[in-house]
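A.B. asks: Found this in TrEMBL, in case it helps:
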- 22-96: domain 'Cation-transporting P-type ATPase N-terminal' (DOMAIN)
- 79-97: transmembrane segment (TRANSMEM)
- 109-129: transmembrane segment (TRANSMEM)
- 281-302: transmembrane segment (TRANSMEM)
- 322-350: transmembrane segment (TRANSMEM)
- 856-884: transmembrane segment (TRANSMEM)
- 980-999: transmembrane segment (TRANSMEM)
- 1019-1039: transmembrane segment (TRANSMEM)
Amino acid sequence: MGKGGQDYGRRETRTSDLEIFPAWAKEVAECEKKYKVDRNRGLTNEEVEKQRQIHGWNELEKHEGPSIWSLILEQFNDTLVRILLVAAIVSFVLAWLDGNEGGEMEITAFVEPLVIFLILILNAIVGVWQESNAEKALEALKEIQSEHAMVIREGKPIPSLPAKELVPGDIVELRVGDKIPADMRVLNLISSTFRVEQGSLTGESEAVNKTNKVVPEDADIQGKKCMVFAGTTVVNGNCFCLVTQTGMNTEIGKVHSQIHEASQSEEDTPLKKKLNEFGEALTAIIGVICALVWLINVKYFLTWDYVDGWPRNFKFSFEKCTYYFEIAVALAVAAIPEGLPAVITTCLALGTRKMAQKNALVRKLPSVETLGCTTVICSDKTGTLTTNQMAVAKLVAVGPTADTMRTFKVDGTTYSPFNGRIHDWPAGHMDANLQMIAKIASICNDASVTQSGHQYFANGMPTEAALKVLVEKMGLPEGFNDRSSSGSSDVLRCCQRWSVIERRIATLEFDRDRKSMGVIVKSSSGRNLLLVKGAVENVLERSTSIQLRDGSIVKLDQNSRDSILRALHEMSTNSLRCLGFAYKEDLYEFATYNGDEDHPSHELLLKPSNYSSIESELIFVGLVGLRDPPREEVHQAIEDCRAAGIRVLVITGDNKNTAEAICREIGVFGPKEDISSKSITGKEFMDLRDQKKHLSQSGGLLFSRAEPRHKQEIVRLLKEDGEVVAMTGDGVNDAPALKLADIGIAMGIAGTEVAKEASDMVLADDNFSTIVAAVGEGRSIYDNMKAFIRYMISSNIGEVASIFLTAALGIPEGLIPVQLLWVNLVTDGPPATALGFNPPDRDIMKKPPRRSDDSLISAWILFRYLVIGLYVGIATVGVFIIWYTHDSFLGIDLRGDGHSLVTYSQLADWGQCHSWEGFTASNFTAGAQVFSFDTNPCDYFQAGKVKAMTLSLSVLVAIEMFNSLNALSEDGSLLTMPPWVNPWLLLAMSVSFGLHFLILYVPFLAQVFGIVPLSLNEWLLVLAVSLPVILIDEILKFVGRCTRRFNKSATRKSLKPKAD
């Protein structure tokens, strides 16, 4: 890191103490005096060192990101993760103690803690990887900085000084193609014009003409015409500039700071917040249940006698205490849906694939879910709502008389000559006036259009490229021999034909004073012509004649001027950018000019000050109106947003009139709507006393001439008001707001790398309608996630009920932690993931967005799943008791394995087995294994419970598979939404059953999980106990539907008298 980085805090304080010098509002001489520099000599080496001591190096700071250890620790700052961690540590300690106290130190005892640790490690790795990508936007920002600069120091030019060595006061020469190395004040122009492409910083859709004239001190960044900014690019001309700000004090440095600040305040997604709340509630529930289990069973490990009414002779059994502690750990494992993070990640990943097919590339997985509850979309105008491709919208030609104008509407929104047509066009019968317009638009033009696949791109100025596309749509006049392009597939064949007929021999470059460009051409007849295009008022002012439709030329009188100005005013009020066309036949000294430098007139072309006099006494021929047109599909997308209850706010760096016209056209505002309170500039917004009141207005809003800080403030205030904000952008200026928004959406084609790195999602086609499609997909994904979250939580409620009933009844443990972990992670995983493929509702984009604080589970749904959970507990514990106490159930014979039957009271009092007289247990078979209890009959309730445990586990798995069918719809019956609407779920159920068979019938796995194979009759018992879960939930769904219908009808009846 350079000195500037090392001294960042100290230097920033010093800079803030210094009053910022408004160089844009001061004359050049005053700026030179302030920085104690002569433009011809530059700074001395001593002055450079002095300035560097104050301002540091000209580079962006490298903010130290969080250390790898702090990132790892942060991953455990989650309630569910902490519960799992405690459960894993306790399991590990208990397994170790069992081994040391004479038990077998088997690997199976450590499976549970090892699996939990593995889950936590994988979770931490994913989290750290995501966090470490957070600062990529700042690195991308550094890449757009210039590396070298042409500087004058001590009277000598230094052609390639490293840009980081620049200091305020340096004199820099800028040329075409240069990347500007610092914020600088323009001293003087060497060329007649100097244009800079600064759209990535300011949001302007066109290159900006720069001057050395002062502007008001309170001018916004777009209005500082005498300033050039670091990171922008020179597209035309060259000039000398004075460095005024370097490093973090430049405009791009401010953006860098804003991105860093925004990245520090990133919030959890709505779903993450809900899951955190669920985790906290779960902690409390687990604590209460564990305490209850402890209290219920305290009599088994702590006993005492009463002497004189007081408890005496306490006896404590560490072995029993440890056993019930293990039950508490099993409860924790049962209550936590360990597979939930993995299933959510899988569902979001599948969602990203669907979105990628719709041109929305998701960079951060949680943003898929956040999209579903978006309430406000803050959209940039240029390139998102519009095509960012200039196109001619109107062509105005002269009629049969000087005061009549012909207007042609031109369709098309791209640079493709085949996109759109000219209405009422005399194809092949172009009159002389239209031919002259085509000739000027084609030849007085330095741009070109190229094709790549199905895309067309402009090379050069967008307005000029649009004119060439217009010429192609106009076609060629009748009788023109298209020899130049016969058999050619050239995009601009008409333009090429005109350039053959009229050969260009000289160019009068555009400048800001005369606001026009001219070319001298030699026609095929040998005669020289001057063709001119430029600002309509300027071209009209220098015109003395007008060409009529038939080619005749008459004097340009006041009536003719008024007709032209009326057409100009009409187009300008519709925010069209207008260009006028004219030509000159009598060129006097240029009549014989052939482009030769030795010609006497050539000297006149070397001085731009002569161009105005050369372009005089012109013949006016017509004008065109151009614009950056809205995308064709945007209007419908805005309507979809309105139907979905999503507000659209347009925030652009472009001027107010242009933005308002586009907003009316695409439907953000109505055609006749009064928008005086809804359309303001960024500066006006910052001056409002009650900004939140302005933002809370219904319908769309427009903010024009917006700077990065304005965008950030709008996003911040919206979020404070509880809105879920999606922000689009493509430029460097958009990056801080993209980072701050709930969903940052960058443009894939026109977007800068800075914007892409700061975003959560990238649009491959830069299209606003893609955002709306992605919102619909996000809503569908959230609905599906709710389905599998409900499913997994209901399964866990069942597991908790099972363990609680086991402890409450005092019977042997029916499910051990490693089995519960297998069910939660593996068996439940495929059905939960498959629920993510549920088809979306047809009216998904007709509903208002859900509130970010809406609960995942309503009170009725919770009641339903408590009932289901209670049944799961009864079924799993019940089948355990049935095996021990019954030889048959519902006509199913259970005597096949030869096991002994006991009474329920014996099973509930199994801990006292050693005191029973004459108790014996017969041997029984399970698969190829024989279990013998000759030496210790009481082991029948420990090692002998393996068959009963297997039945309990199998019932749990079967019930959860059938319960996944219940989760297909929140309240729809399986009769109306049958299982085959989601074939993936049927496949997933097959996979889960297959995995369960695997651990049952592969001996090694059966040993790990403490289970044995089941016979056919035992499987019939499992199905008989499991299937009722579908019937129970169908009854509960029916009750829910009836209750909702009753409530709706009651609401209607209560509203009807009011209406009457």
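Each residue, glycine too, has its Cβ placed from N, Cα and C.
Help me understand the surroundings of these features in the structure.
C.D. replies: Within the model, the domain 'Cation-transporting P-type ATPase N-terminal' (22-96) shows a mean pLDDT value of 80, rounded to a whole number.
Residues 274, 278, 786, 789-790, 793-795, 797-802, 804-806, 809, 811-812, 814-815, 894, 899, 901-902, 904, 907, 945, 947-949, 951-952, 955-956, 959-960, 963, 966, 970, 1021-1022, 1025-1026, 1028-1029, 1032-1033, 1036-1037, 1040, 1043 of the same chain sit 6 or more residues outside the transmembrane segment (856-884) yet have a Cβ under 8 Å from a Cβ within it.
Within its own chain, the transmembrane segment (980-999) is flanked in space by residues 822, 826-831, 833-835, 837-839, 954, 957, 961, 964-965, 968, 1005-1006, 1008-1009, 1011, which lie at least six positions past its ends and keep a Cβ under 8 Å from the stretch.
Residues 864, 867-868, 871-872, 875, 878-879, 882, 889-890, 892, 894, 951, 954-955, 958-959, 962-963, 965-966, 971-974 of the same chain, all 6+ positions outside the transmembrane segment (1019-1039), place their C-beta atoms under 8 angstroms from a C-beta of that stretch.
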